[in-house]
Structure formats: structure tokens, C-alpha cells
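Inspection log for the structure reproduced underneath, given as C-alpha cells.
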Amino acid sequence: MRQLLDSFFDAYLLKRDLELTLAVVSDQVISVGTGDQEAARNKEEFRSLLEREFRAVHGSFSYEIRDYAETRYEEDLEGAFCRMVTVLTADAGEKTVLETRLTAMARKEEDGWKFISFHMSEPAQGQEAGEFFPLRYGKQSAGRPIGQQAERKLIQMMSAVIPGGIMGGYLEKGFPLYVINDTMLRYLGYTYEELVRETNEEMVRVIAPEDRERVEREIFDSVGRTGMYEVQYQIVRRDGTRVWMLDRGNEVVTEDGRRAIISLMIDISESMDIQEKLKREAQEDELTRILNRKGAIHFIEKALKSQADGTLLLMDIDNFKRVNDNYGHMAGDRVLVELAQILQKSTRKGDVVARLGGDEFLVYINGCSILEIVSRRVETIGKLFGQAVESYPLAEMSVSTGIAVKEDGSTFEQLYREADAALYQVKNQKKGGYAFWKDEQETAVSRRPE
């Protein structure tokens, strides 16, 4: 993630190369900058922003990344936070320094890691240490801060209008409750009395169990370094449902001298649902609704890391072109969907079923490498497919299968190559059969269902 960030800013600020900058940006990028008009909802809008900025700003840039931190949410999704100091040296030699904070998200796409979101902001100026809300005082105040009673009243007033929940906890184990507003209580589905009773005032208990350790670690680490934090996680409501929240907070010192945090909590469930939908669509075959090549590789590589046995089946529909030629492409689509459904019904929950493209399908049988069991499974699939396509007699379709068995150190590329070689043997010898890859002979031994 840090290398990707450096690549982006090197291209953007140092080289001033638009295309090189956009090369590490996703088509679905969302960006919010420090200016009123610096917002983009996709790559094209982001391009327009950069083009205007490139035309308007002249001079040379330098930059420094400080307080860098990153989080891996999933294998193909990472986030980063940092402070940036950017220096613009104008053609006349005048220097302008801009200090900002940056939050960025990146996702692994088919052609590599790409940024999917940027949010850059300027820290508030003139805010005293320990203050959560920056305030400006009138001349008659002589700069004296407001009293505790007035401050509490101010927080109550602001809590009523801020579009999010406010929650504060002491920077101690379990985040003992410091303050909470009614909006946050509504998010959680509790009355104040119920929350106190059911959580024992430990706010960590409203965080989803699988997120608690990560959230505690990130908050303590970030507050220790910068005095503030930003983290995403799920809260568990009283009725057991979950809500994705963006939690942004600052460190404060309470009246009794204890360190605490006060945070603004924003419901981002819709945004997370969109991200999940995009991720699912990126891994799903549009026609058959099973995994595509990218999704198959992702899950098979995860399975290969375990000690369990496994077998890869590579399948191809024989004479598929004939169904398109004789019955039309809609009939061809129905055949592809039919085979996908047969494969799903013939496999277990932990197996991987995918369409790689065209009429090529893949099955990874997780936890099984017994040849007899695999053979019966393949024969059953072949028979079911034969019955399903009886209404297309002119096509004379069948399924040929190449099989590769997992061994110690097997990779997806290796298994695919072996299964493909076995499939090649079947297609050349007798279509409608199957074959196991034989490593010691560097060939495939063909079989055909009775």
C-alpha cells in the first residue's frame, strides 16, 4: 500500500504525469479533496479534476508522508492513513506549504492494486490541545475558555444537529463509557439505562466480536501517535443486527484528568454494501452467476494454503459451437447456465465452481483426492449434462474433463496447467471422457464413463 501511494504521488506531484497518475486509480474511485469543488465520483470525474489542476497550478512540488499507517481489511482490500506536507515552489521562487491528512482505500483488481477512494482534509487551526470542537471567542472573553457547564450545554446542542452518533470512552481497557448522544443510542437500539445495564458501560462490547481486537489496537496506536484516529467496523445492535460505522475520534482530557476519546460515528452500511456488491460482481460470472476466473483463483489459492487434499477439474463442452450454429446463441446461453447448475448441485459447500470463459468450466473439490470418488463425481456430471442437452440432438454435445490432484507445494498455475494437459489428451482421443494427469509420464491417462 505504501509503495502504491508513493507511485501515485510521484506521478501526480513530482512528474506531473496525468496518465501515470491515473494508472493506479480504479474506474470506481471516489475522491474528496480540501476544496469545495474537489469531489469526484468516478475515474472520469477524477481525471477532469486533475486536468483542471494541472492547467491552473504551475511550479514544482515536493512532498513528505508522515505518521503513515495501513490496515488490511481483506486479502484484496487495504486502507491507509497519513499526514502529508506538500510544498509548491512557484516559478518566481515563492513557496507555499500545505499540511493535510489523507485517508485512502485500495483494492486488488485484475490488473493490479488500484485506489478506490481518497479523502484529504486540512486539520483545524487554532484548536487547543484537548479540545474536540474548535471555538473562536469574542473580544470580551479575553481568550478564556468556556466553563464546564457551558461546554456541556454546547455539546448537547451540537449533538442534536450533527448527522451522526457521538460516543466517547476512556482510553482504558474496554473503553469505559464517557459520553453518548441520543442518535448513537438509536443506532444501537438501546435506551441509556439498557446500554449501561447490558454492557456494564464497556463500549467495546457494542463492537462486533471479530473486530474488537483490531479496533482497540488501531485506536490506541493511532491516538498514541497523532492524537486522533479513523476506523471502520461493525457494531452489534441490541436486536443482534449489525451496522457498519465510520468512527472518527480525537483524544481529550476529561475534567478529572483521565484520557478519553470522543468520536463521531457515521452509518456507512450503504457504502459498504456497494463495496461488497462491486467485489462480488468482480468475482462473479454475469451469465451463470457462479464464480469467474478471478473469483476461482482467489478461493482456490486460499484452499491450497491449507493441509487438506484437493482435486482440480477442468471441463470443456464438446461441440458447443454446434448448438449456437443450429439453435441460436440464446440456446447456447441456456446450455452454459444448465452446466453451471449441474456443477453446483454436484458439489459441496466448500468446493469451488467457476466459469473461466466461453464453454470452459472449473471445479475444485476441496478435501478429496481419492481417484474413485473423483471419477464417480465426474461421471455423474457427464450423465446429468447429457440428459440436460437431449433437446439439442444436432449439437451432439458432451463434457470432457481434465483432472489434476493437489500435491505438496501445488500452485493454482501448476494444477491448471496439468488439468489442461489432461483435457487436451481427452479432446484429442475421445471426447466426452475424462483423464487424470500423470506426472511421471508427463501425459494424461484417459478414461471414459460407461
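Each residue, glycine too, has its Cβ placed from N, Cα and C.
Because TrEMBL annotations are produced automatically, they should be read as predictions rather than curated entries.
According to TrEMBL, the protein carries these features:
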- 180-226: domain 'PAS' (DOMAIN)
- 229-280: domain 'PAC' (DOMAIN)
- 308-439: domain 'GGDEF' (DOMAIN)
Practice task
List the helix, strand and coil residue totals of the domain 'PAS' (180-226) as derived from DSSP.
Solution key: 37 helix, 3 strand, 7 coil
Practice task
Take the domain 'PAS' (180-226) and average the pLDDT across it for me.
Solution key: 92
Practice task
Go ahead and report the DSSP secondary structure tallies for the domain 'PAC' (229-280): helix first, then strand, then coil.
Solution key: 12 helix, 29 strand, 11 coil
